[in-house]
Amino acid sequence: MQHFRDKIVVVKYGGNAMVDDDLKAAFAADMVFLRTVGAKPVVVHGGGPQISEMLNRVGLQGEFKGGFRVTTPEVMDIVRMVLFGQVGRDLVGLINSHGPYAVGTSGEDAGLFTAQKRMVNIDGVPTDIGLVGDIINVDASSLMDIIEAGRIPVVSTIAPGEDGQIYNINADTAAGALAAAIGAERLLVLTNVEGLYTDWPDKSSLVSKIKATELEAILPGLDSGMIPKMESCLNAVRGGVSAAHVIDGRIAHSVLLELLTMGGIGTMVLPDVFDRENYPEGTVFRKDDKDGEL
């Protein structure tokens, strides 16, 4: 636990953890716990289920291509409203039920993110998916002010482009870019599965640890929904983050279980070369490791 004192931990909040009331409450409590013991949590959130629900309510068709939401201007209006006005506010409220910790912000605020339009490669063909962006710059000075004030930033993933357009940023992508930019110690990505399956749906293909080069080699063949998550982990680790984790958000207190228990509960992505002395005792040794293996 002492290992994480004064270190930034970026958590991408999503999946069942953001729709089940008990899991939402447990997640908020975990963020406050991390802050109380001296870590510096930063939450980056998506809002897929809530966006889909609102699109249905207003009669707009939602579509996904290559794991990304196709974002027309009409869909973008809903995305912006739901992410910052609903999901972000709800999480800020849950965290602040424990005390005045959380501050809501977005990629639009104080130039945190700058984006450019993203094309998605589907079956080898670059495909336009609308107002979906990639982050090309992170200016975290205002975010660091929030962190250093002892607060927990809750970041909505919408961002302006240099063309003046507002883009929908995949929250997994944003979390990885932010973690690397602010020198985070760890990135954790909450999902609705136990971790990384190298050959989904074969349950025996679940791995508890993988190095960056190994992940890069299998990335194109992964299930489409996992590609943005694992790409985010890869980019974070390549950007200097000590480790990135994909964990099962359906388990209450999954963040603490992954960070603070022997062997963790999910999949840990590590740099190709690492010194286990720089990691808390036992946490690099994972569930499916052989005796003596790093």
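Using the three backbone atoms N, Cα and C, a Cβ is placed for every residue, glycine included.
Site annotation (Swiss-Prot, ligand substrate) includes Gly47, Gly48, Arg69; from Asn168, Asn192, Asn235, the additional listed residue is Asn168. In the three-state DSSP assignment, the secondary structure recorded for Arg69 (substrate binding site) is strand. Taking a C-beta cut-off of under 8 angstroms and a sequence separation of 6 or more, Lys229 (site 'Transition state stabilizer') has the following same-chain neighbours: Lys12, Asp172, Val189, Thr191, Val246. Apart from Gly47, Gly48, Arg69, Asn168, the substrate site neighbourhood in this chain, defined by C-beta within 8 angstroms of the site C-beta centre, holds Gly46, Ile51, Ser52, Thr71, Val79, Leu83, Asn170, Ala171.
If you count neighbouring Cβ atoms within 10 Å for each of the binding-site residues Gly47, Gly48, the highest count belongs to Gly47.
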